[in-house]
Each structure stands twice: as structure tokens, then as C-alpha cells.
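What Swiss-Prot annotates here:
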| type | residues | note |
| --- | --- | --- |
| BINDING | Asp7, Asp98 | Mg(2+) binding site |
Amino acid sequence: MDECVVDAAAVVDALAGKGASAIVLRGLLKESISNAPHLLDAEVGHALRRAVLSDEISEEQARAALDALPYLIDNRYPHSPRLIEYTWQLRHNVTFYDALYVALATALDVPLLTGDSRLAAAPGLPCEIKLVR
């Protein structure tokens, strides 16, 4: 895969995961040009906080993941009016947050790399979805 949009579920797994999917995701992201909406940083921070509070990862692991985050994503995109409009059109199939990733992948004509099986199973999405679990 040359280029992709990557969502927060995939990024959190790549940064803080310990299983086979984390290894696969790290490899895919290293070899690809990765894109994401600006929302990604807030979602990753939120997920890492939850993981620390539930003792899934340590504070140090979360800090290391946050420190690595800026270098993992090649291009971040603002929530432009055009992207928001297209995101809103997808509201019947996925959450607004997930739709931002789908809309960006569609606009860039690249696959969406996700660790979210519910997103991957959503019907009628206009972009290719690659689930890594």
C-alpha cells in the first residue's frame, strides 16, 4: 500500500499495541504515506488516557506513544467546509468522527486503514477499507 488514510484505532494499536496487529500496522505505516484529519490527535490522546486509566498501558507507554505520534502521520488535513459537508452525508452509516476518516480517504482516493471492526463492517462506504486486527 503506497498511501492511506489511517484512523485513531489503527494508530493507537500501532503506537501502544503489543499483538500481531500492532506489528503489522507499524510495518504498513512505515512503508506508506499516511494521511489523517486533525481529529486524529485528539482521538489518540483520548484513547491513550483511557488505556492508562484502565491499566492497559503505563503512563510511560502513553507518553512515548504521544511523543511518536507527530512522526507517524505524514499529512494532517483540516476540517474544511467541503470535508465537513461530505462527512455529514455519511452520517447514516457511521459516526461523524469515523465519517471524517472515510470522507478524507474518499477525497484522496486512497484506502482507509483501521483497527475498528465496526467501521470496517459499515455498509455503503465509498472508499476501500482495510481492517487490521
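Here the Cβ of each residue, glycine as well, is placed from N, Cα and C on the backbone.
Sequence-distant contacts (6 or more apart, same chain, Cβ under 8 Å) of Asp7 (Mg(2+) binding site) comprise Ala36, Leu40, Glu43, Asp98, Tyr101, Leu112, Leu113, Thr114, Gly115, Asp116, Leu119. Classification of Asp7 (Mg(2+) binding site) by DSSP places it in coil, neither helical nor stranded. A sphere of 10 angstroms centred on the C-beta of Asp98 (Mg(2+) binding site) encloses 24 other C-beta atoms.
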